[in-house]
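First comes the structure, then the notes that go with it.
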Amino acid sequence: CVIAITSPADAIIGKYLLKVDTGTNIYSPTKNFIYILFNPWCQADSVFMPDDDERVEYVLNDTGYIYVGSIENICGRPWNFGQVNSEDDHGILHANWTGNYTGGTAPLAWTGSVPILQQYYRTQKSVLYGQCWVFSGVVTTVMRCLGIPCRSVSNFVSAHDTEENLKVDIYLDEKGRKIDSLTKDLVWNFHVWNEVWMKRLDLPSGFNGWQAIDATPQETSQGIYQCGPSPVKAIKNGEIYLPYDSKFLFAAVNADQIFWCVKNENSTKDCVKLWEEIKAIGKNISTKAVGKNIREDITTQYKFLEGTYEERKSVETAYSFISKLSSHESISPPNLMKANLKLGVEGKYSLWPGQPINLNVIVENESVGSWTGCLAASCQLESYIGKVYADLSTIKQIVQTEGKPVIQIPWKITADTYMQKIISTEDELLIKVNIIVEVQETNEKFTKQITLNFEHPPLKIEMAETAKINQDFTCAFIFKNTLSIPLENCKLYVEGLGIFMMEAFDQGDIEPGKIFKSKIVCAPKKTGLKKIVAKLNSTQLKEITVEKIISIIE
């Protein structure tokens with residue numbers, strides 16, 4: 001006799017004990033626990049996803065990409081999901097942005113979720129350490145394990161609105177340097193959160209589908225570090241009153257950015273408004289494409305096109321629900337300027353560590369008339385969350401546009417100026433350039449921010465395209481230091497999901513022109529396409545990553 005038992009689609013997920021009462025006795029199976037999960041294949045389930053390709057991608061795919069970098073240089077960081085936050089609730093990961101990761105694993109060293117979850121299960125303690133992409137990767141793994149369709153989402157030029165006024169205020173000194181002590185709001189070069197697919201029976205109709213959640217501990221919500229779920233449709237329309245934490249997520253993609261110049265670095269009382277930028281925040285919102293190893297831009301799912309009536313209308317809608325207003329809450333586009341100066345930088349947007357930075361500051365007059373301007377520019381070393389690590393250089397001079405539609409100001413920064421700071425942190429740093437021009441004739445002010453990323457030599461994987469199950473094959477990792485400086489304390493991290501666990505190998509110092517080659521002998525246990533990910537970190541360079549696919553056959 002065979003008895004089939006089916007759980008209702010709305011059953012509470014969790015661990016169940018099965019007992020069969022026959023009337024004369026109670027039978028309990030040897031393996032007596034049943035685990036009820038969500039079922040995205042079931043139409044009656046609250047996480048039902050109708051598209052089969054999307055189910056494969058967002059539930060079954062155990063590898064993917066998390067997009068990082070800057071809007072000038074977006075990179076897909078491979079992540080093994082392998083089918084979360086500990087600031088206040090004993091979660092899986094402990095956050096750390098100090099640049100010092102003694103006693104744990106640097107966030108840049110992780111290649112996937114499996115070693116993090118296994119360490120947490122083994123020790124029952126929060127794993128040290130994580131940053132936003134690590135939190136997002138682990139959340140994707142956990143949600144997919146539970147049967148909830150989930151994806152990692154990266155927002156470039158992401159606002160962290162601490163004052164809850166849908167604006168981020170950036171304070172600069174008279175040389176154009178950002179002042180961290182006064183700047184409470186943050187603009188991250190990128191921030192990674194998650195989306196989960198579900199019905200929202202607690203909301204009015206029209207808000208089912210993708211819901212944004214954020215496991216990175218930034219601001220408390222209802223007393224603990226949590227964020228979401230917030231309907232992506234509500235974020236786009238400015239309906240920030242809908243639960244949960246829609247206001248914070250709306251600001252992340254659509255806040256206005258205001259630059260202020262302060263005379264006194266210890267106070268904002270005598271600050272002067274330089275510029276209000278309504279199009280800077282929320283760029284290139286990205287996730288991995290369904291069934292393809294490429295980036296999909298989903299910006300239009302979060303916001304209307306910048307500068308359109310619909311986009312400003314959504315901002316106005318959001319403002320109508322704010323109870324706490326600042327002293328500068330105007331959301332109108334700026335008035336037409338008499339002078340129209342376009343600021344920028346010519347030179348490499350990607351830099352090689354150990355080499356001087358050679359730039360040209362550009363001032364282009366796109367208006368009728370001649371103008372005299374006071375130009376101030378700063379170059380600072382920052383982390384991806386906007387924390388200033390060092391002031392590298394400043395320039396200040398008078399520029400005159402008469403007879404010169406384009407003005408170029410050469411700017412050279414020696415390698416010694418920035419290398420000492422780079423080697424003092426375990427974080428990956430970047431160059432941030434701020435340019436300010438104040439027109440003397442009109443008192444108009446123009447600003448421009450530019451991000452420059454460091455390049456690195458490639459890491460390579462050499463192995464066969466196919467291998468047989470339970471038979472050894474060799475995987476080699478090769479790196480040549482093509483830089484002019486030695487790379488110290490090199491460490492190679494490798495992981496082959498379904499083949500071998502994450503391992504770390506010390507490579508010592510690698511002098512200029514030198515090559516290292518490390519090998520791993522593997523015996524795969526399962527068939528299918530498997531991905532091997534390798535990562536090389538050193539004192540001077542972080543986050544040199546490579547991946548390669550191998551087909552395991554019988």
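Placement of Cβ uses the backbone N, Cα and C atoms for every residue, glycine included.
What you see is a predicted model, and the numbers here were worked out from it, not measured in a lab.
What TrEMBL lists as domain 'Transglutaminase-like' is 124-217. Secondary structure of the domain 'Transglutaminase-like' (124-217), assigned with DSSP and counted as helix (H, G, I), strand (E, B) and coil, comes to 14 helix, 40 strand, 40 coil.
Look at TrEMBL and you will find CYS132 (among others) tagged as active site. Listed in sequence order, the residues of the same chain lying 6 or more apart from CYS132 (active site) and placing their CB within less than 8 Å of its CB are TRP188, PHE190, HIS191, VAL192, TRP193, THR216.
The Cβ of HIS191 (active site) has 27 other Cβ atoms within 10 Å, all protein chains considered. Residues annotated as active site in TrEMBL: HIS191 (among others).
Annotated active site per TrEMBL: ASP214 (among others), in sequence order. Same-chain residues at least 6 positions away in sequence with a Cβ under 8 Å from that of ASP214 (active site) are, in sequence order, TRP193, ASN194, CYS227, GLY228, ASP245, LEU249.
Per TrEMBL, the feature Ca(2+) binding site maps to ASN254, ASP256, GLU306, GLU311. Long-range Cβ neighbours of GLU306 (Ca(2+) binding site) (same chain, at least 6 residues apart, Cβ-Cβ under 8 Å): ILE278, LYS279.
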Across all protein chains in the structure, which of the binding-site residues ASP256, GLU311 has the highest Cβ count within 10 Å?
ASP256
I need the neighbours of the Ca(2+) site defined by ASN254, ASP256, GLU306, GLU311. Which other residues of that chain put their C-beta within 8 angstroms of the C-beta centroid, in sequence order?
ALA255, ILE278, LYS279, ILE281, GLY282, LYS303, PHE304, GLY307, ARG312, SER314, VAL315
Specify the count of other C-beta atoms within 10 Å of the C-beta of ASN254 (Ca(2+) binding site).
23
Where does GLU306 (Ca(2+) binding site) sit by DSSP, helix, strand or coil?
coil
